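These notes concern the structure reproduced below.
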Amino acid sequence: MSLASLPLEKLTKVADVDKRETIYIDLLNYEKQLRNLNKNTREDSLQTNLNPLLSLIKKYGNFIAYPTRKLLSNCIIALLKGLEGYHQHRVLLYFVDSIHEKKDYIEIINVLSVLTSCLEEYGNQINQQETFIRFFFKYSKTNLSYGVRSIALDGLSKCIETSIQSTNEDLIKEIWKCIKSNLNTSSTNVLLSALRCAYYILGSSRLRNSELEWFKSFLFKKSSIDNSLLHSSLGRCFSALASAQADKSIEAAANAVPSTPADDENNEEVENRSTTRRFDETESFRHALRILVENYHSKHAKYESSKAVLVFAVKHLFLMQRPSFVSLNYTTIVDIILLHQSHSTSKEWLSSLEQYHCTYLFRDVIGRRFLDQSSELQGIEILLKRVLEPYLKDQSKISEIAVKTAMASTADILSRSKGSATALYSQLLDTTLQILYLGKDSLKNEVAWLLRCLLSVMPSPLMPTLLALFNRLELEFKHLRSKPKEVSPKLNVGIFNNLTLSLMSIYVAAEENPLYVASSIFSKLFNFSLDLIKSSSKLDLLAAQAQIKTGWRLLSAYVSFGPSFTRMQLSQLLILWKNALSRVPSKIHSQNFMETNADMFNRFEALQCLLSFLEYNKILFTPDVRKRVIIFLNNCLKFYKAFSLTKRLEITMPIPASDYSHLELRSLLLARIFQCFFELSQLSGMSLDDQELLSTTVSTIAELSSLQGYDTADEIVQAKAFTSPRVIPGIGSRFYAQPEEEFQTTMDDILPCYICESSSDSLSVISRSNSAKLPYVPPSLTSLIDNAIQLFASMFCHQPPKVMESTLEIMVASVTNLKSGRDILRYKAVTANTLFSIYGFLSAFDNKKVTLPDKVVSLMIELLENLTAVNDPKLIPYISKSYAFLAYLYQSKPTSVLDTIIKRAAESGDPNCRAVLILAVGHILKKVGSGVPQTTLITAYQLLKVFNTDSNDLVRECSIRASSVSLGSIAKTIPSVLTAQTRILLSYMLLPECDIDVQLLKKRNSLFFPSTLFANYLDCLINELGPNLRSDSSTSHFAFDLAHQLLLLSRDTGDNIIHVYKCYQHLYLFTPLETNSDFFIRELCGNIIDLKQPKRREISIEVLYQILLQNHEFSESCYKRHFDRLIWQSLDTTPDNKLLKNILYIWLNDYKDSDIHSWVNILLFLVGIKNTSSSERSNEQDIQNNLDEDTVSLAYGTSENASNPLFQKNYRWQTQFYAATCLKTCISEVMAENKEPAKYLISRISDLVRAAFVLSTSDNFYLKQGGFELLDTIITDFSNVMDPDFDDVSLLDQFQAQISSAFSSAFVDDSSPEIVAMSLNIASNFIGTGLLKTESQAAKILNLLKEALESSLPERAGFEENRHFKYDSKYFLRIATLSAWASLLVHSANVSYLKEFLSSNIRRLSSHWIMALRGYSRLQFGPSLVKDFVADTSFTRVQSINPKILLNIYEKSWLNIAESLTILLSTDANLIYGILSGDELSLSEEDVFFQDNINYASNRYSFNFFLFSVCFQSLLIPSTLQGFRNPVFRIMRIMTEVLTEELCTKVLYDHNVFPEVVDLLVRLILTEDWETKASIVIFVKKLALANPAHNDLKFCETDSVTSMEPTVSESVEMLFQLVKILTLALTVRVPGLRSDPAESATNKKASEFVILCFNAFLDVSNIFPAIVRVDLFATAMHVYEVIMDDQQLLKNSKQELLAALRKLLSTMVEQNDHTCTTLIYTLFEHLLNIYKETINDSDKKEKNETAFMSMVLVLTLAAPILDSEQLVVHDFLEELFSSLKSSEEDFALRTRCVTSLMLVNSKHPSMSALCRFIIYKSVTMLQNGEVLKSGDYVTEFIPALLDMHVHIPEEKKKSFLSMSIPIAAHFSILVEHADARKRIGEKLLKIMAIQPDEAKAIIQQLSPRQKKCVEEILIQNVE
C-alpha cells in the first residue's frame, strides 16, 4: 500500500534562507500524495500522515509563510476528505492540544490558521464545536496581538456560522462581549474579522434589542471610514441586523408584548430562550427591508458612505433570497423603496445620490439578477400601476425619485425584452406621454430615454407619436408667441425641454426602424428646426431663446443621422453656424449681462449641434468645411475670453429659458469648444497648432482657470449635485478611475465620485450606445478639465519645439509655485491634471513615433521629478509610464533617462520616490527593450532583485510589478534569467514581509496579501516561457501548482482573480490538460452561473472561452462534464453575451456529428418543443471521466429530466432565437455531409417542422424571424429527401398544411414588414421545390403572392391604406414581392403550372424587375453612393424614398431579380428590349436612381453588360451576398449566360477590365465550394472561346512567339491568364500539381470538377496558335498522368477522364506534326511504365486499368501518325497477351481491346505490323491452349479478323483470305453459342459475296473437319 511521505529530516541540511521554499515545495508534493490516496488508506494511516504536519508546525514554524500556512491547511483538508465527522473532530483536537499553554505566537498562528481553514471546509460535518469555539475565543482577547486576534476571530466566525444554534447563551454573551471589544480596534484586519463574527451572531437572532441598537450606532459610526472592504462588511452586518430586528419585531407583535430596551433588561429570561421561532419568510423580508430603508433616510445616515453601506445591505438582503422570491415580492419592494421616498427638490449631492441608489437597486440589482422573462413584464406592470399612473393622477403623493427610478428600470427591462409588443406597452406609452405633457423639467431625460426604448421595441406607433409631439410643440410655441409683448410671459421651460428631448430621442428610434415612418418625417424635423431658429429674431428675448434652444437641439438630432441626411442641407447649416458663431461683437463690453448671456447661450446650443455634426459626419469634412469650422470655433474661443466676470449675484442667477447659471454655462461652453476641437483633430490629415487654444488648455489644466468665479472649494462642490464632496475641486476624473490592472469593486458602483449629469448634455439622448442606460455625462467642471487634458494631449504633438519648451516651463512653474503653498487640494489637482496631460501627449508622441528634442526632454524630466514628490499611489503608474515614453522617444540618448532613474532610485531615501522610480525602470525596460545595453540591463535587473525584497510594502510591490513587466525584455538579452524563475517568484511570495499574520504581530494595523501582484508576475512568466513549457514538464507542473495556490489565496483574500484566471488560460495554451484541473473548472463554471457576482462571472466567461479556443482537450473535458447545460442556463440570464454563444457554437461544431441526438433534443426543447426524448448523454461518460459528485450535480442535475434545471423553466426569447439559429446551422451542415447523423435528423423531421411552425407563429418578431429562417432551412435541405417508408413520396409531403399555415401567419395585422418580406421569399422557394405538385395544392400560397403583388404595385389605387404597405415599408415590400415573383420565374423551369400562373403578369413584372435592378445598381455602385443621397426631402417625388431602406431590401433581393431577367433575356429577349426602349420605366419611383440615354434596341449587348457589371461588382462586396444561398454560384451562372462575343469584344477584353476580372476569378476559384468552382470554370471556358481574336489565333502560322502580330500576341497573353485560372483550379483538387501535396477533398463533386477543368483546359488550349498549342498539349499530358495518381477520382470518374484523353488525342492527331507524335510516344511510354508498376498492386487497381485503357486509346486514336514497329508498342502487346493468360476478371475487356486494336489499325498501313502481331500471337496462344477463356476469345477474335477484309488493299486481299478463312474455320469449332456462330457466318457470307471465287477456292482447300465446320456455320446462317 502506497503512503504519503513528508521527509522532514532533510530540512536539517537545508540553509535557513532556503527552508521556506523547501518546506513549501515539500508540502505541495505531500498534498498531491494525500489527494491521490483513497479514503480507506487515509483513514488507516491517519495518524501516520498527520504526525509530519504536527512536527513541521512545532519544529519549523518560523519558516512557515502566509502561503505555506494556507497550503498546510490544504494538506489537512485533503487528508480528512470523505472521512466521518468524528475522525475530523479528533484530528482537529490534536492541533488544539498541540499548543496548550504555548506562548509562541508563531506556532499559535499556524495552528489557528489550520483550524480555521479546516472548519470552513468541514464545519458542517462536525457536531460538537464548543471546544473549538472556546479555543478561538481564548485567542480573541484584546490583550493579544492583532495577528493572533485576526485569525482567531476568523476561526470563531466559522464555528459560529455552523453551530450557533447549539451554543449556550452564556458562551454567546461572552463571545459578543469579546466581539464588541474587538470592534473598537484600530486594526482593519481585526475589525473585519470581528464583523464577520458579528454577522453570524446576528443571524441567530439571539441578541437583545439594546445590543442591536448599540451595534447599529456602531455601524453608522464606522461607515464614515473610507475603506471599500470595510464598507462591504458593514453592509452585510446592516443586512443581518435588519433581519434580526425584523424577527424581534414580528415575535413581539405575535406575543402582543411591546419590546423595549427596558423590558429586555428586566426580562432576560424571556429573551434568552434556547429555541428560535420560525417566522414567515415574506413578512421577515418585508420588515427587514423597511428597517434598512428607514435607516437610509434616518438622520444617522448623514454621510454618502453611510448611505452606500446601507444600499449594499439592501443588495445583500436581496442576494440572500431565492431569485423567484425577490421577483414574487417585487410589489413589496416597490412599495417600500419607492413609494416611501420623500419629495426633494434639493440640488445637493445626497439627493442625487439617493436617486442613483434607487436606480441602481432596481435596474442593476433586481432587474439584472432576479427577473426572468415573465417577471420582467410583471415588473413593468407593477411600476406602471403603482408608480407612474399614480404620479400622473397626483404628483404630490409620488416622489420624482420614484418616477425616475421606475422609468430607468422600465427602460432597462424593455431593452432586454425587445421583440414583442403587448397591450401593456401601449398603456405604458400613453402614460409616458401624459407624464411628458406635465412638463416636469426634472424628468425630461428619463421620459425621453424611456420613449426611445419603448418605441424601439414597439415601433408601430412611431409615426403617430412623432406627429403628436410635433403638433404639441407647435401649439406651445404658438401659445408663447401669441402673448402680448406688454405682458411678461412666464415660460414653462419644462414642457419645451420635455418635448424637445423626447423628439430627439424618438427620432433615433425612427432612424433605427425606418420602415415604420415616412421619409417626409425627417424633412419635417429639419424644416421645423430651421423655421424656429430663423423666426426667433423677430421675438422677444424669452421666446427667442426658447425657440433657439429647441431649434438647435432638434438640428443636433438631425445631423446625427449621418451624411445621407446632412449632405444636401450642409450649405444651410454652415450659414446657421456662421450667424450663431460669429465674431465677437465690438461692443461686447458695453452689452448688459442679459444680452451677453443670451449670446453665450445661443453659441452653446449651436456648438452642441456642431459637435453632433463633427461626430457623425466625418466624411463630409472637405478642406473648405474644416476651414469654416475652425473659424467658428475660434470665434467662440475669443468670445469666451472677451469678457470678465461681473457681479456675484448675476453670475449665479439662472439664465432665462436655459437650464444653467452663467458660471455653469461658461464652463460648458468652453468644454464644448474643447470637444469640437478634439473631434476636428481626429480627422485624417488634420493637425491643430493654434497657440492661443493651447494656452487656454494649459490655463485650464495647470492654473485651474475654470474655478474662477467660485469663492471657496466648498462652493464648487456644492454648486452641482453630481459631484461627491470627496472629489478634489478642479481635478480630472481619471484620478478617481479604477487602475487598469484592477477590477471595479461593488462599492465603486454604489459609492461613485460622479453621477451622470444628463441635463447638461442634450446630445446624450441621441447617443448610439447599445447600453440600456442613459449615457454617462460627467459634471460640467469635470468635463471641462477632461476635455482640456484630452485636447492638450492631441495638440501638443503638432507644436514647434519652442512652443513646447515654453509650455512645459509654464507647467513646471505652476507645479513648483503650488508646491510650497498651503492650498494642498489645489496643488494636488494641478499636479494630477499636469501628469495626465503629460501622459496623454507622450502616448500620442509614441503612436506617431516622433522623437523629442533635448531641451524638451530635460524640461519633462524636471516636471516629472516635481510630480514624483506627490505622495499618492494613484499617480505612480502614470509617472512611471511617462518616464518610459520619455526614454523611448529620446532616441539620441536612449539610455540616459534610464541611467538617471537607476541612480536616483538607488540613492533616494523617500519610499514613494523609490517606488515611482523602480516601477519606471520596469516600464522603460519593457518599452525600450533591446535598445538598452547589456551592462545597463544587468544593473537594472540587479536593482530590481534588491528592491523586490524591500521592507517597504509600496516599494516592494512596485518593484515586483516592474520585474513582471520587464521580464520579457530582460529575457531577450539575458535568456538565463528565465531559469528557475518560478522558484524566484515563490521566494517573493514567501518573504517574511509578505506574511500578513506575522506582520500583524508587530502591531501593524492593516495588511493584505498581494496575490494579484504575484498572479500577474506568474502570468508574465508563463507567456515568456511559452512553448518551452511543453518540453519542460517540471516547470509547467510547478506553474500549475502556483496558479492553483494563488487561486485559493485570491478567494481567501477577496482579491481580483482575473490574473489567476489568465495564468490558467495561458498555461492551457502551452500545455496539455492538467490532471488536477477539476478545481479550476468547477470554479469557472460556478462563477458562470453565479449572477450574484456579475464582474467575476464576466471574467470567467471570457477566460473559459479563450481556453476552449486554445485547448481542445480542455474543451472536450468540459463538454463531457455536461457544461453545455450550464452555459445554456447562463446564457438565458444574459442572453446578449456573445462569448457564451461562441462557446456553445464551438461545442456544436465539434460534437454535432458524434452527439447529434443530444444536440437536437436540447435545441428543440429550448425552442419550445417540450415532449422530445431525453437529451441527456450517457452517465457512463461521467464514470469514464472520474467526475466527482459536486461536478456532476452542478452541471448535470439528476438523471431525470424533471429535476434537471435545464428542463424546469421557460427560456427567454433571445435564448430560443439562438437555439433556433444553432438548430438551423446543425441541419444545414449535417444534411450537407449526408452522413449517419443526417438519418437521425430525417427521423425527427416532424419535431423540426413543428419547431419552425411554433416559432414562426410566435408574437415575438425575432422568434418569427428565427422560425421562418428555420423553416427555409428545412425546406431547402429536406425537399429532395424521400420518406424512408414510402420511396415515391417526399419527406415533407405530409407537412404541407403546417408549412402553408406558417406563411399565412405572416400576414396578420400586427406583422412587421420584415417578416412579410421574409415569408414571401420563403413561400416562393417552397413552391419551387416542387413539393406542391399541382396548382390547386399551391393555391393558398399563390394567392398570398398574388395579393402582395396587387397591393405593392404603385398603379393600384388605395395601396397606401394597406395594413402592411404604408409609409416607407411600401417600397421595402414592393421589392420583396418582386423578388418572390422573380423566384417563381426561376422555379418555373421545374414546376410546370408556374408558367401559366406567371404569364398574365410577366410584362408588368419585367418592367418592375428592370427598375429595381437599375435602382440597386445606382445605389450600390453608382457614382453617387447612398451617402450622397438625401434621405428626406419634401418637394419632389425623387426624394420621397429613403435610399437606406431601398438598399437594405435590394441587397436581399437583387440576385433573384437578376436571375429572372437573365432567364427572360434568353427566352424572350424582345420583351426585355421592348420594355427598355419604351416609356414604361419613365414614371416609376424605383427608377429615379438610374437615368441613361442608351438605345437598347440597337445596342443589345448593353443590357447584357448591365447585368454582368451588377453581378461582377456585387462579387466585390461581400455584404451584397449575405442574404442568399449559393450566391457566387448563381452569379456565375448569370454572368455565363449573358456573356456574348460582342460583350467580350467591347468590354471584358479591355486592357483595364480584363485584369480585374482575372483577379476576381482567381480569388473565387480558391475559396468557393466545388459546385461554384465548376461554374467558374464554365465561365472561364466561355470567356476564352469568345476571344475576339479566336479565329486569328487558331490559324496563326508562325515559328516563333516573338514573331506574332501585336494583336495576336496580346490575345495570347490574355488567354494564358485564363489558362492559369484553369491550372490553379486543378491544383486545388489534384495534390500532385502543387508544391504541398496534401490530401484534398475526395467526394464525387470534386472528381467531376477535375474532369470539367481538364476538358475546359483542352478546349481552351485548342484556341492557341500551333506553336503554343503543342506546349499546352504537353502540359495536358502531364496533368493527365498526375490525375491518374488519385485513386478516388478514378473510381468516381474514370470514364469521363478517358473521354477527355480521347479529346486530347483527337486534337493532336488533327494537328499532325512531328512534335505531337513525339508527345504521344512519350505519353504511351509513361503509361506503359505505370501499367507495369501497378499490375500487381491491388491498391492501385483503378490506376492500372486506366493506364491500360489509355494505351488502347492511344493506339486506337493516334494510329494515323504512329508506327507499329516501335518497340514500346511491341512491349504493350506482349503485356496485353500476357494478361489473356491469367486475368479472368478483365478477360472480356482485354479481348475487346485486342479486337478493337486489330480492326482500327487495319485501316492504316503504318500499323499493319501491329495487326500481323495480334493475329500471330492469337493463333499461337489458341493453338497452345494458353488463352484463359479460349471460347470467349475466339467468339470476339474471328468476327474481328474477318471484318479486317474490308480494310485490306485489293492486291493483298487474296493472301489475307488465304490466312483468315483457315484460321476462322480451324478455331470456330470452339464457338458454342449459336448467335456467335451466326455472326461468323454473316462475316463469311459477306466475304464470299465480295470475292466468291477466291473464297470458295480457299474453302475447298480446307481439311474435312474445317470444311465441315464452315459449311455448318454457313448453313445455320442461311436458315
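Cβ coordinates come from backbone N, Cα and C, glycine included.
Source: prediction; values computed, not measured.
Feature list (source: Swiss-Prot):
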- Ser45: phosphoserine (MOD_RES)
- Thr48: phosphothreonine (MOD_RES)
- 256-278: region 'Disordered' (REGION)
- 106-145: repeat 'HEAT 1' (REPEAT)
- 166-204: repeat 'HEAT 2' (REPEAT)
- 378-416: repeat 'HEAT 3' (REPEAT)
- 457-497: repeat 'HEAT 4' (REPEAT)
- 783-820: repeat 'HEAT 5' (REPEAT)
- 935-972: repeat 'HEAT 8' (REPEAT)
- 1265-1301: repeat 'HEAT 9' (REPEAT)
- 1336-1378: repeat 'HEAT 10' (REPEAT)
- 1526-1552: repeat 'HEAT 11' (REPEAT)
- 1553-1589: repeat 'HEAT 12' (REPEAT)
- 1722-1760: repeat 'HEAT 14' (REPEAT)
- 1832-1869: repeat 'HEAT 16' (REPEAT)
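If one looks beyond the repeat 'HEAT 5' (783-820) by at least 6 residues along the same chain, the residues whose Cβ comes under 8 Å of a Cβ in the stretch are 667-668, 670-671, 674-675, 677-678, 681-682, 687-691, 693-698, 700-703, 706, 730-734, 760, 777, 826-827, 830-831, 833-834, 836-841, 843-845, 848, 850, 853, 855-856, 859-860, 862-863, 866-867, 869. Away from its own ends, the repeat 'HEAT 9' (1265-1301) comes close to residues 1167, 1216-1217, 1220-1221, 1223-1224, 1227-1228, 1231-1232, 1242-1243, 1245-1246, 1248-1258, 1314-1315, 1318-1319, 1322, 1325-1326, 1329-1332, 1337, 1340-1341, 1525 of its chain (Cβ-Cβ under 8 Å, at least six residues beyond either end). Put plainly, the modified residues Ser45, Thr48 were compared by Cβ crowding within 10 Å, and the winner is Ser45. The DSSP breakdown of the repeat 'HEAT 8' (935-972) into helical (H, G, I), extended (E, B) and coil residues amounts to 33 helix, 0 strand, 5 coil. Long-range contacts of the repeat 'HEAT 14' (1722-1760) within the same chain, counting only residues at least 6 positions beyond its ends with a Cβ under 8 Å from a Cβ of the stretch, are 1677, 1680-1681, 1684-1685, 1687, 1690-1691, 1694, 1697-1698, 1701-1702, 1705-1706, 1708-1709, 1712, 1768-1769, 1771-1772, 1775, 1786, 1793, 1796-1797, 1800-1801, 1803-1804, 1806-1807, 1810. Mean predicted confidence for the repeat 'HEAT 10' (1336-1378): the pLDDT average there is 74. Sequence-remote contacts of a segment are chain residues at least 6 beyond its ends whose Cβ falls under 8 Å from one of its Cβ atoms, and for the repeat 'HEAT 2' (166-204) they are 127, 129-130, 133-134, 137, 140-142, 146, 149-151, 153-154, 156-157, 160, 211-212, 214-215, 218, 222, 227, 229-230, 233-234, 236-237, 240-241, 243-244, 272, 274, 276, 996, 1000, 1004-1008. Same-chain neighbours of the repeat 'HEAT 4' (457-497): 414-415, 417-421, 425-426, 429, 433, 437-442, 444, 451, 503, 506-507, 509-510, 513, 515-518, 521, 524, 528, 532, 539-540, 542-543, 546-547, 549-550, 656-659, 1310, 1312, 1367, counting only residues six or more beyond its ends whose CB sits under 8 Å from a CB of the stretch. Taken through DSSP, the repeat 'HEAT 14' (1722-1760) splits into 35 helix, 0 strand, 4 coil. Across the repeat 'HEAT 16' (1832-1869), DSSP classifies residues as 36 helix, 0 strand, 2 coil.
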